[in-house]
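Structure, as structure tokens:
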Amino acid sequence: MDEADRRLLRRCRLRLVEELQVDQLWDALLSRELFRPHMIEDIQRAGSGSRRDQARQLIIDLETRGSQALPLFISCLEDTGQDMLASFLRTNRQAAKLSKPTLENLTPVVLRPEIRKPEVLRPETPRPVDIGSGGFGDVGALESLRGNADLAYILSMEPCGHCLIINNVNFCRESGLRTRTGSNIDCEKLRRRFSSLHFMVEVKGDLTAKKMVLALLELAQQDHGALDCCVVVILSHGCQASHLQFPGAVYGTDGCPVSVEKIVNIFNGTSCPSLGGKPKLFFIQACGGEQKDHGFEVASTSPEDESPGSNPEPDATPFQEGLRTFDQLDAISSLPTPSDIFVSYSTFPGFVSWRDPKSGSWYVETLDDIFEQWAHSEDLQSLLLRVANAVSVKGIYKQMPGCFNFLRKKLFFKTS
């Protein structure tokens, strides 16, 4: 598949994953020899086996099926009555071709004799590179920014860093916390995603609060001198907690909380000197409280406004005053002015975070989709803005991801 078709598929992936009816496609894909039977079986087993996971894997694998893969896929859509998607892809493909001039369409310009003679060249006034938008049409400008150590973190090592995923699913009965069905789907998606971004991924499941802290300390005490970055992902129930800088807390399987502030503080310059000056990224999929956001009315025809196929569950637990002393004492002890830290929350403080038992959490599912499509060309903050926009329009109840950004530079993931 050529690069233009590949870019088109990535731009359209969110809509395809939302609308593609994969069950109708298998025979058509086989008859047009786009895929072989064992490939179809692999796609059907992708993720949780849900329609969305199958659709996502199909689009990813389609990129590897040759130069005619996209037009053949469009024909398969037409064969199975999915005319709107077929027309959408065909129109966008034609528009992309028309917007790119070819040599045969260019008219030669004949220079007048008087201007063929070289003139004295005048120095051009330097023009600043626009780095504010996050997206870059000029590949050269993007690569120049990636390689500028004054403007962007340089992730050049292989692997570029450690990634620890703590996935708490089953909680003790005394905690009163429900099993987080669907979290294993989130965990697997993130394991694959950060592996593809050149991280060494380690997964630890069902940890008590004490074991969570020990796992984090163990990671912080490793030598990160030859690495460029560090990622911590926590999938658990959560609650509000008093704080100085980073709100919220996450629960161990014993029902005891660990404040996000404590987690971040484990990786500060004093506790983890080998990560000094390097980006430390934290992704928290847990509730920030117990409020359910009904949103407010806006005029919209977006398909994402419809609620998911199954009832989502919150990762919510009410605010506990008993956490106040715990968090306050910990925060006062030695938390320095934060730098090179980025904390991404699945929801706005005080509100619940929704998780679908069959397809995983809204936040992780969207994060995975956005990283797949845009991580090669956009920086971390731009990616998370896309995630926030996509998650905010889902479901009957609303959810608004957010972040605390103490990075000093732009961060582009290593994708090749």
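Cβ coordinates are placed from backbone N, Cα and C, and glycine is handled just like the others.
The following features are taken from Swiss-Prot:
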ACT_SITE  His237  active site
ACT_SITE  Cys287  active site
DOMAIN    1-92  domain 'CARD'
MOD_RES   Thr125  phosphothreonine
MOD_RES   Tyr153  phosphotyrosine
MOD_RES   Ser302  phosphoserine
MOD_RES   Ser307  phosphoserine
MOD_RES   Ser310  phosphoserine
MOD_RES   Arg355  (Microbial infection) ADP-riboxanated arginine
REGION    294-320  region 'Disordered'
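For the residue listed as 'phosphotyrosine', the same-chain residues that are 6 or more apart in sequence and have a Cβ closer than 8 Å to its Cβ are Asp228, Cys229, Lys278, Pro279, Leu407, Lys409, Lys410, Leu411, Phe412.
Here the domain 'CARD' (1-92) has, by DSSP, the following mix of helix, strand and coil residues: 67 helix, 0 strand, 25 coil. Summarised as a single figure, the pLDDT of the domain 'CARD' (1-92) averages 88.
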